[in-house]
Amino acid sequence: LNGLCPPVSTVVLVCALLSLFSLSHACPKECNCNSNTKVVDCRGRGLYDIPRRLHPDTQELYLQDNRIRGLGSMAFREIPLVRILDLSNNSITSVSPTALLGLRTLQHLSLAYNSLRELDKRLLGPIRSLSHLDLSHNSLWGFPGAIGDSLRNLSHLGLAHNRLTRLDRSLLEALTHLDSLTLRSNPWRCDCQLMGLKLWLETYLFKGGVVDEVLCSQPEDMKDKDLQKVPYQLFHTCMTTSYHYLFANIHHLENERLLRGAGGGGGGLPECEPKQRHRPVNLRHAIATVIITGVVCGIVFLMMLVAAVYGCAYAAIMAKYQRELKKNEELAAAQRADHAKADEKEPLENAIA
């Protein structure tokens, strides 16, 4: 029996190691943990930092309503499988570009109700599974366009209650799966730089997207006006430099219509073609403006062409007239000279006779 059983010292050592391993990943004393659902709840515990010794199988971590002020490099390296991370209502002012490194399965991230002023474009680079991002109620003054490549699977983006004055259209166009967007309570400056956002909103709403509102703060004559309802005529100074945005928008809408028409169920044509959704009024006005401008420019061009042809014809006729007039004058002068010689010769002949 003694030969079959391991020594007592070995059993004690193994038990000690297992106990140590279990303690190293025990639930932090500041949190409540559910081993079945793999949820760690650390809400409202007055934490100043991310708790340590989190179990590596953690899938949901709730840290809202604490006093966390910053996120360092690889702050969540202990929980690489986390899917939901809620850091709302803290005092976060800085986030390291590598704070979320390793979280390749993260789907839901909330940094709302903090004091963020900017985000590094590298922050969400390693994450491709993110579907919900809430950055509302911060102090963001800009949103890097390059970050859009990391948000292609995003379905909800919250940017309300920040300090945004404009938003890069290239960023929004990268969010091909976006279903809802919040933009209210930002000091939007409704000038030529916001033309791209207005045109993108037309396409987004046409495709069935949901957005709250974009109220202008500047200039003064547009204050408190909803950008979606501002007529394109007020952007007339921008139209000459923004036609390519409009035509790209129209082309995109036409492609969407064709794709919907070709995408019938089971590869066949549907029995009834779905009724086309009406284009927003502002878009129709913009198209009419472009058509009218094109017609006017065409008429002006034709008038200039006619004037040029008339001018050339008139110049040719006048040149020919001048040449003929000069030729006639030279001929008349020659005839007068001949008559003069004849008159001088006649008296001389009479005198000789």
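All residue numbers here begin at 1 and follow the chain in the order shown.
Using the three backbone atoms N, Cα and C, a Cβ is placed for every residue, glycine included.
Annotation source TrEMBL lists domain 'LRRNT' at 26-60. Here the domain 'LRRNT' (26-60) is broken down by DSSP into helix, strand and coil counts: 0 helix, 7 strand, 28 coil.
Secondary structure of the domain 'LRRCT' (186-239) per DSSP (helix as H, G, I; strand as E, B; remaining residues coil): 29 helix, 9 strand, 16 coil. Under the heading domain 'LRRCT', TrEMBL lists 186-239.
The region 'Disordered' annotation in TrEMBL covers 332-353.
The signal peptide feature in TrEMBL is assigned to 1-26.
The feature transmembrane segment is assigned by TrEMBL to 286-317.
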